[in-house]
Amino acid sequence: MTLDGLNRAIVDRIIRVDHAGEYGANRIYAGQMAVLGRSSVGPIIQKMWDQEKEHLKKFNELMVAFRARPTVLMPLWNVVGFALGAGTALLGKEGAMACTVAVEESIANHYNNQIRTLMEEEPGKYKELLQVIKKFRDEELEHHDIGLDHDAELAPAYTVLKNIIQAGCSAAIYLSERF
């Protein structure tokens, strides 16, 4: 990917927030695995986590390629992500899956907004970045569906839990884009 002719402000913001989001997702799955890793749902969580590791690796590469800086909030996302993953896993597999559904739905919507932004700019300039975002969005939606297939909606106070987690995701996105 080349830096020529790109809107640096948009690219920097996208890479910074997506890197933070993939880092947070890794921490969430780490927390879930700490609690449920040896349970029947452990291999399912591990498979999703493995994909998130690849997402984070790619955004680490893009940060270097585009000379984007990470968010200063990484230490916070480290702790909050793990706590969210472990905390919801303590509610059982349904709680962990409810967390997955909430987070992945938020991230898929966020990726869709980024795709729209880049398409409005000049899609040809952002072809490779668009391919990455679309691929990761589709994988996040797969995780969302896996969560639903594994009883996310049976979690205690599912709707309340989902809404609280999604409000947190919205706040994390807003802050990570800016700081």
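For all residues, glycine too, the Cβ spot is worked out from N, Cα and C.
Please treat TrEMBL annotations as automatic predictions, because they have not gone through curation.
So that you can see what the record holds, here are the features copied from TrEMBL:
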BINDING   Glu22, Glu52, His55, Glu140  Fe cation 1 binding site
BINDING   Glu52, Glu104, Glu140, His143  Fe cation 2 binding site
Ask   = Among the binding-site residues His55, His143, which residue has the largest number of other Cβ atoms within 10 Å of its own Cβ?
value = His143
Task = Restricting to the same chain and to sequence separations of six or more, state which residues have a Cβ under 8 Å from that of Glu52 (Fe cation 1 binding site).
result = Glu22, Ala25, Asn26, Tyr29
Request  = Compute the mean position of the Cβ atoms of Glu22, Glu52, His55, Glu140, which form the recorded Fe cation 1 site, and then list in sequence order the other residues of that chain whose Cβ is within 8 Å of it.
outcome  = Gly21, Ala25, Asn26, Gln51, Glu54, Leu56, Ile107, Phe136, Glu139
Ask   = When a 10 Å sphere is centred on the Cβ of Glu22 (Fe cation 1 binding site), how many other Cβ atoms does it contain?
value = 23
Query = Distance between Glu140 (Fe cation 1 binding site) and Glu104 (Fe cation 2 binding site) at the Cα atoms, whole Å?
reply = 5
Query = Which residues, in sequence order, are found in the same chain with Cβ within 8 Å of the centroid defined by the Cβ atoms of Glu52, Glu104, Glu140, His143 at the Fe cation 2 site, excluding those residues themselves?
reply = Ala25, Met48, Gln51, Thr100, Val103, Ile107, Ala108, Glu139, Leu141, Glu142, His144
